[in-house]
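Feature list (source: TrEMBL):
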- A:25-135: domain 'PurM-like N-terminal' (DOMAIN)
- A:27, A:72, A:205: Mg(2+) 3 binding site (BINDING)
- A:27, A:42, A:72: Mg(2+) 4 binding site (BINDING)
- A:44, A:119: Mg(2+) 1 binding site (BINDING)
- A:44, A:72: Mg(2+) 2 binding site (BINDING)
- A:51, A:256, A:315: substrate binding site (BINDING)
- A:118, A:119, A:143, A:207: ATP binding site (BINDING)
- A:147-293: domain 'PurM-like C-terminal' (DOMAIN)
- A:208: Mg(2+) 5 binding site (BINDING)
């Protein structure tokens, strides 16, 4: 079986994606956009042993690889359209490929995303996905644009995926299905990102931990932030962790939740909150944007009485 | 030095690329197209030890990684615009990064291409590049569309890169600078691809060898082909190889030349040939499209008197 058979068997699927002029299978794909649309794209790599465990189920891996990439589109408020996949494999393992492609397309189909090109090569297991989406009429979220007094809000709950990863590392896999699934099959907040556009122009997804990612947001916006550690949205499952320090460490520095963190002007906050409540989506105020003094990326943590820490840390790739 | 410092130091460059709404450095890039433009894109991976030698100079590697990806845009007749880079590195090696980024941007700047996003991760050396270009008014080359009696034409000369690779493998590096450079720094035929649009709608780039790539073209077009082995465009340097079998093997199955192979209707051929001649660009007729009999992808090789082979072979990734 050569590269072309492999692609045909596992990665050629019917799709109903709009605007595809030349589909998967030529030297390039060609797509068209409507006049009001702009193209939004991002590339992400996952390396075995670094970003995922070698024994992770291929279904989960396929799902997770696309979900984490998709989260970058969610963070811009974009509507997903297509993706490309560069897959480096140590060998052709049909069981693995069947599982991986199943998990991948399970999520792709949820968002009507078409796979419009790829490359399969032989080497150490590495998964690179580029996702493409569109925004309309130049409405998008970016890291820049947070203003002093904006409310910092977070979707969903945070800290779950980091706790789930700990369960996996400790091989307590039966421990808590919710926390595990938050790590293994994260939800990219695609609908939430688009829904935030009327209320915000500034957001980021939480992939490296709230402190690290909010750090990027305030740096790009040339502001600082105060985060109220007691306000962090906490799932019931995470709440069962008795050790407050451990729980807050997951929530502040854990990463992998792929929730969105946005800055919302005070006069838009109640509307945004009401819209999310009507949808049944959590949206929690966790802090405030403040003026940058010496450090434009400083984040101060506020506990029940006073400031306790003024240092952002997060997952560093190197 | 973390991922962000590394990106800033080596991969953040000024550019003058049109239509960039959100540049490198946010969760996604955002670009706009003119109403008549369509987006063209392709992703390619190079793995150390598989697609390049471990001791290849990082300048050449950066140049070559972009050139081989760019060749897919050339094969569609697209105008290059931007690219993304997913770089997996075993460690932060500043000398390597300086060289790699120098070679990469040397070529990017030749085509006014902007780097609009990327991901740097730690792991075995793997380079994935997605290139993006545009076509205008829906004029493009694709693998499908070759018609019976079309002339099969090839740009430049072929077989050089395969001969150059052999010199490298035999460590005869002083042997022939031209052949070596054809492997180490291939030229994506970007201008030629665009220039072919008035004369052709069907083409492919020769990355895996003429037989393999022409095989894809005739399969997609549901036709067959006859190639005249004595007509293959041969550089002076390749002509010095006395062994005719070796030379023809490089030319038919060698790959890595990144020349274009196109099908041109007989009544357009003399115009196309004249236009290329006026530009000083070689364009050589090497065969004819014929009707598919039993096999839609059959390629017959014609020697000085009769048919000698009817089998296409090429580089298989798996």
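Glycine too: its Cβ is placed from the backbone N, Cα and C atoms.
Proximity to chain B, defined as a C-beta distance under 8 Å, is registered for none of the binding-site residues A:207, A:208, A:256.
Looking at A:42, A:207, the binding-site residues in this record, the fewest other C-beta atoms within 10 angstroms of the C-beta turn up around A:207. Among the binding-site residues listed (A:42, A:51, A:118, A:207, A:208), A:118 has its Cα nearest to the Cα of residue A:27 (Mg(2+) 3 binding site). Residue counts for the domain 'PurM-like C-terminal' (A:147-293) under DSSP (helix as H, G, I; strand as E, B; rest coil) come to 67 helix, 27 strand, 53 coil.
Summarising model confidence by region, the domain 'PurM-like N-terminal' (A:25-135) averages a pLDDT of 95. According to DSSP, residue A:72 (Mg(2+) 3 binding site) sits within a helical segment.
Geometry remark: residue A:51 (substrate binding site) versus residue A:44 (Mg(2+) 1 binding site), CA distance 11 Å.
Only A:72, from the binding-site residues A:72, A:118, A:143, A:205, A:207, place their Cα within 10 Å of the Cα belonging to residue A:44 (Mg(2+) 1 binding site).
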